[in-house]
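Colleague: These came from TrEMBL, pasted as-is:
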| type | residues | note |
| --- | --- | --- |
| DOMAIN | 4-218 | domain 'Radical SAM core' |
| BINDING | Cys18, Cys22, Cys25 | [4Fe-4S] cluster binding site |
Amino acid sequence: MTVPPAPWALLAEVTHACPLHCPYCSNPVELVRRSRELATADWERVFGEAADLGVVQAHVSGGEPLLRPDLAAIVAAAHRAGVYTQLVTSGVGLTATRLEELVKAGLNSVQLSVQDARAPGSDLIAGRVSYADKGRAAGVIRAAGVPFGLNVVLHRHNLDHLPEIIALGAAWGAERIELANVQFYGWALRNRAALLPAREQLDRAKATLAAHRDAHPEGGPELVWVMPDYYEGVPKPCMGGWGMRSITVGPDGTALPCPAAYAIEGLAPPNVRDRSLSWIWTESPAFAAYRGTGWMTGPCGTCPRRETDFGGCRCQAFALTGDAARTDPACSLSPDHHLIRDLVEGLHETAVDGGESRTAATVPSGFVYRRPT
Ligand code: SF4
Ligand code: FES
């Protein structure tokens, strides 16, 4: 069995409840109901155990974590344990008073999401009017002087707005903009046909990004490009390797090596209500299942890149082939690569409404919005 290094990060999904309805939602298809959420005291124990294991950073996420009335107490528990905390938020409900309360509790940074550069496009993807709330939240974060990152999921309906998105991040005062090309598992897989861009569109966006970086070698926000693995022929080193860097604890205490791994059948994930985080990390079968390289079969087993990309993404392998132990179909060496190659090769640009003229009434065909269960 591979002996794991100390985990670096904890993703604390304190609730799955969310005011937005994004079609690319990364939360599981079956959401955890509010009545099953961990209590404040459970989170306090989890953060203490995480710190003992070596975790240095917690992403306090959801859903929308601001929907937890005890969020400041949760953040304070992480802070007391000595863990750096980042709030991951839609911005809906982030008032100056609420942020002040969180900062006093020990919050270290905020990551705000926005769905597009302008209100019509952003509200359309979010499935409700929310862009103005996000602008207000950005002002509140900047006024508080807290380190501020902006996250934008990129897809067919906003990739052409990249220059405006970058300008928006700079105008809102973000120090970092994460340009996260949509990943297709969970709810997003249901919307793949409506979200997947064509290669020409992605190439244009990459050229825009390179030109922007050349024109602003030092100034402006740091731009982080999360690769669109459907087009690269090489898989992403998902999660930095299964069970190697990060622990996700879901709203009901389910512990997973990856937030999307709820969907992997047969994994039998442990729960922090029953087990210590130390046991979960070092001894649980779920965390050991795809750790290291011993589990690899097929082309990964002898591939020189197996210590670099760890065979790609287990959740994507499961979602597309039904077997999480297969090589990620995003890899050009995978016997299942045709599942992705045939899809993207057959895809060519069709006119996409630029968003400026869109209203919430013109939902792109095929969109399935996320709704609470
Ligand atoms: Fe990575 Fe496996 Fe593909 Fe090699 S065969 S590049 S290890 S996914
Ligand atoms: Fe779960 Fe990649 S998203 S391993």
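Glycine is no exception: its Cβ is also placed from the backbone N, Cα and C atoms.
Explain the structural surroundings of these features, please.
Modeller: If you take the C-beta of Cys25 ([4Fe-4S] cluster binding site) and look for same-chain residues 6 or more apart in sequence within under 8 angstroms, you find Cys18, Gly186, Trp187, Ala188, Arg370.
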Colleague: Given a separation of at least six residues and a C-beta threshold under 8 Å, show me what packs close to Cys22 ([4Fe-4S] cluster binding site) in the same chain.
Modeller: Gln115, Ile125, Ala126, Gly127, Val153, Tyr369, Arg370
Colleague: Return the count of C-beta atoms lying within 10 angstroms of the C-beta of Cys18 ([4Fe-4S] cluster binding site), excluding that atom itself.
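Modeller: So the number of other Cβ atoms within 10 Å of Cys18 ([4Fe-4S] cluster binding site) is 21.
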Colleague: Determine which residues of this chain, when Cys18, Cys22, Cys25 are set aside, have a Cβ within 8 Å of the centroid of the [4Fe-4S] cluster site's Cβ atoms, and list them as they appear in the sequence.
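Modeller: Everything else in range on the chain: Leu20, His21, Tyr24, Ser26, Asn27, Gly63, Trp187, Arg370.
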